[in-house]
Structures are given as C-alpha cells and as structure tokens.
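*Asks:* Take a look at the following structure, please.
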C-alpha cells in the first residue's frame, strides 16, 4: 500500500528482515536461492489470516475460568444487581481504556510485550519485563487447574460419579451423604464434624492434601500425567505460531459457549433455580457504601480482561496495520462482561437447586474459585438425573475455558522473547524449540504444586505472584507512560493513522487521569487492608511462606523502578539530558498509514519531521518528548 512504499522500514521490521535475508542468502546458484527462500520464511514474523482469528484468540484469552467461578460469586457477595454499578464504572474507566491501550500499542509497533515499550519509551521498558514476569508465574500455576479438571473428567465416564457416595478407599468414617441422611438413623453421627463425599474426593483423592506447606509430601503421579497432557495439548496449539493458534481457537473459543448454553438451559429448568437467580441478582444498594465492593469490582475487571500481562499487546501485534482495533476492543470487552453475566445464571440456578434439595440457605452452598469448580458444582450434579453426563459437560467447559487462556499466555511470552532476539529465534525450528523448552521448564516447576502440600503453594502463586496488586501497579505505569510521557495526543495520532479516525476523548482522559488515579487508590487500599493469606481461612502459613509470596509479587513490580534506575545510571549526561534521551521513541517507529505517507511536512509521533527525497522520514527530533 502507499504507506509502505513511502515508509519502507515498516517500524523497522521489513528492513531488518530484508537485511537478514540478504546477509544469509549470499552466494550463487540454486543452493543460494534455496537458502534465501528459507531465510525469508524464517524471518517472517507472521500475522493473522483474518480478523476472526484475532477476535477468537483474544476472546479465548480473556474469557476464562474467572468468568464462571469468580464474577457470579462476587456479584452475589457484593449486593447482587447493585454490584453491577461499580462494575460498569470500572468497565468504562479502567477496563476498556487499558484493554484498548495495550491492543493498539501492539498493532502500531508490531512488537511483543517487551520491545513495544522499548520502542515507545526506553525509560519504561521495565513495564514489559514486569508483564512477562507475571505471565511466567501465571503460565506455571494456571495450568494446574487444567490438570485437576482433566483428572475429574477422567472420572466422569462411569455410571456413578466417585464423589457422589461414601465407601471408597479414600473416604473416612466421618463421610456422610447428606442428601440421603436420615437424622433418626444417624443420631450418633456428629454432623458438626461430618464431611461430604465430594469434599473428601477433592481433599483426599485428588489433592491428598497434607497439613501444611512445611510437609510437601509425595508427588501425585496421576495429576502429573494430567499436567503432562495439558502441556502437550498447549504446545501443539501454538508450536507454529499464528498458523496453528489461529486455527485452534475456532474450537477452543467457541466450544465453551455451547457447553455454557446447555448448562444454562439445564440449570434454569431445575427446581429451586429461581431462588438461586434471585440471590444472584437481587440488589442491595446499601452494599455500595462498602469500599471493598468497589475494590472487588475493579480487581475483577483487571483479572477478567487479561490486562497488564502483555497478552493483548502480543495478539494485537499480529494484526494488519489498518485493522480497526478500537471497534474490536469495544466488542470484545462487551462480550467478556456479557459472558460473565450470563454465566452467573448458569451457576446460581444450579446452586439454587442444590440449596433447595438440601433445605439450606443458598449462602451455605455458594462458593467461588476452585471451591465452586471442584466442590460445589460437582456436588450439585450428583443430585441430577444423568449426573455423569452433566459432570462431563461441565469439566469439558472448564478445560476449554482454561486451555486457550493458557496457550495464548505462553504464546505471548514466546512472542516477547522472539521479538527481543529475532535473529536468534527466527531460524529453522528454533522458535518451536523455545516453546518446547518453556513448556518443559514450566511443567517441572508446576510439579511442586501437584505434591501433597502443593495446594498451599498454588494459593501463594494465586494470591501473590499474579495478584490484583501486581496488575494495578503495572497499569499505573502503563497509563503514565502513554498518557504523559509518550503523549496521549501523539498516541491518538498513531491510532488515527491506523483506523482512520480518533476514538472518544474520554479514553484519552482515562489514560491521563482517571485510570491511574483509580488504580493508585485501589493499590493503596490493598496495602492498607492487607491480611496474611490463610488456606480455607484456617491454616496460617509460616513466616517464610509469606516471604516467598512477597518475593514473587515484588519480582514483577520491582522490574519497573529497577529498569528506570539502571537506564538513568548507564545513560550519560545530566538528569534532564538523560530524561530527554530516554523518553524519545525509537527512530524507526513511524506511522505507516495515510498520515505517515503524506508527501509534505507530516506529524510523526507529535514531532515535525521532513520527508526525504527517497520517501523515508528523517529521524525523530529532540522535540519528541514531554520532558
């Protein structure tokens, strides 16, 4: 297109690949021609074949387990329908702005989660490292949930679910089937100390949980095999980059909706379903005065939108330059929140049925997180006719929901590494070997969470390594970097060059003021209200356990200030001169659309630069900084 002719560098990619091809394709004859063709294929970064692949990949990443097991419970816990008020506020002020920022940044720079920040503002390259550290932690522990789900699924192919009854080798004498309990016959049983078969299956059969993190115990080899299966599937979903990922998401991103629809129809037709839905949505406006309700709404937005992980930047970087990422982001954000809302009906209708069957208040059966997926819902399906069928559908839905979130995260980390060292990893099968190495290392690191004390380690990862506190910290710096240092007006020019028009000004002001202000407020609230983690609200970790948790949290957050300090220390000159140099975007970061191709004095990244005679744009001037 015209822009590419005027700006042959294409943000540095085309020129770099062309130089690599020329350098490696020397010599003559057929061998040289073959080598040149091979090098051209190796150095090609790749792109989505069509918009559908991008949309499904992003949808698969952001629509995950949190939509099913976290949002409905938070809605019920925080005032039902009243919770939607703070949720919508954060949806508009934080969710959409940061989601759009990361996607547009990836599309404009055509870079992964680290090098995109290096090109935009070298001083804030630490943002990229922070996101990838969080993602590396996430890749290790998130897939553990898939291993559990695969294990449960493998136990569904039977006439009677193993967690439906007592009498198995893993059950204790305290096991009581409550739905069959006759109080006159079981007067000698202390119901206060009794446990359900579904709880014993989870704690004694699946986890074989020890009494604390101090006692790691033996490896659960069955779960290790399930984890191996999960990593094998994940590897082959992404081993060819966008070529394989773009095809796999047609199944992994759409199948959960089919399962959710089936479970929704089944749920709302059960007795007691209406009571469950009532508890899910009945508004309690008095809860809005509780700051924790607003904090829960904000953190849920960050969790469910996969922001501050580098995933959206990586996925956006494979788009065509002129893709309308603004429209895509609005649509995907609405789809994500809509899915969470509908999932609440599917979950709470079943919980209402379970409360009805047991004759207890729904508050006693409502759960979130693993408690919902592996205790509450499995217990509910045992009360239904054809319970193995419904259990199979439920765990298949969980696996597909988690699978695409997992492999997209791994793909994003790989993209970040490959874009940092393109000449190393874009040759032969090195990219595939990199994915294999990351998968193997992550697999062995994850095995520690499949030991008898592994659940305690899993909770540390979940509460510290990829916590809302880390995401909020990164979001503050992302907004400051784009809104103030790089410049929101400059970034709006870049976006206009890509999509042909400027987005609503509200998003720009969110980047500059609203989003960082809200994130800072919630971050401070987190620190002030911090309470040490307890497993099941009972087990207290030893001091060194909390130390490990905080080290994992700081491992990502410290990347940003440490990188700023290192760059300032290594750069020569006075402090103003250092800031001047480190806040200027990369010289080859250019607009490739109509604005960038205009044969006149053009505005490139808010600075004036003259078009040279060869059609390229002169280097970025010193004016291109806000310092």
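Cβ atoms are placed via backbone N, Cα and C, with glycine included.
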*Asks:* Out of 21, 244, which one does Swiss-Prot list as phosphoserine?
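*Replies:* The candidate carrying the phosphoserine note in Swiss-Prot is 21.
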*Asks:* Which of these ranges is annotated transmembrane segment in Swiss-Prot: 82-101, 102-121?
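*Replies:* Transmembrane segment, as annotated by Swiss-Prot, spans 82-101.
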*Asks:* Quick one: sort out which of 414-432, 433-451, 490-508 is the transmembrane segment according to Swiss-Prot.
*Replies:* 433-451
*Asks:* From the ranges 283-300, 301-318, 355-372, pick the one that Swiss-Prot records as transmembrane segment.
*Replies:* 301-318
*Asks:* Taking a Cβ cut-off under 8 Å, which residues six or more beyond the ends of the transmembrane segment (384-403) line up next to it in the same chain?
*Replies:* 63-65, 67-68, 142-143, 145-146, 149-150, 152-153, 156-161, 164, 230, 233-234, 237, 251-252, 255-256, 259-260, 262-263, 266, 270, 353, 373, 377-378
*Asks:* Under 8 angstroms for C-beta pairs, at least 3 of them, ignoring pairs fewer than 6 apart in sequence. Is the transmembrane segment (126-146) in contact with the transmembrane segment (248-265) by that rule?
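*Replies:* Since fewer than 3 Cβ pairs under 8 Å link them, the transmembrane segment (126-146) and the transmembrane segment (248-265) do not come into contact.
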*Asks:* Counting only CB pairs under 8 A, let me know which of 54-74, 330-351, 433-451 has the most with the transmembrane segment (301-318).
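*Replies:* Result: 54-74.
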*Asks:* Near the transmembrane segment (54-74), which same-chain residues lie under 8 Å Cβ to Cβ, leaving out any that are not at least 6 residues past its ends?
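*Replies:* The answer is 48, 83, 103, 145, 245-246, 249-250, 252-254, 256, 260, 280, 296-297, 300, 303-306, 311-312, 315-316, 318-319, 323, 328, 331-332, 335-336, 339-341, 343-344, 346-348, 366-370, 372-373, 397-398, 401-402, 404-405, 408-409.
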*Asks:* Taking the transmembrane segment (509-528) as the first stretch and the transmembrane segment (248-265) as the second, find out whether 3 or more Cβ pairs fall under 8 Å, excluding pairs closer than 6 in sequence.
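*Replies:* Contact between the transmembrane segment (248-265) and the transmembrane segment (509-528): absent, because fewer than 3 Cβ pairs are under 8 Å.
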*Asks:* Using DSSP reduced to three states, classify residue 193 (N-linked glycosylation site) as helix, strand or coil.
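*Replies:* It is coil.
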*Asks:* Quick one: average pLDDT across the topological domain 'Cytoplasmic' (1-53), no decimals.
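*Replies:* Over the topological domain 'Cytoplasmic' (1-53), the predicted model scores a mean pLDDT of 54.
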*Asks:* List the residues of the same chain that sit at least 6 positions away from residue 193 (N-linked glycosylation site) in sequence and have their Cβ under 8 Å from its Cβ, in sequence order, or write 'none'.
*Replies:* 174
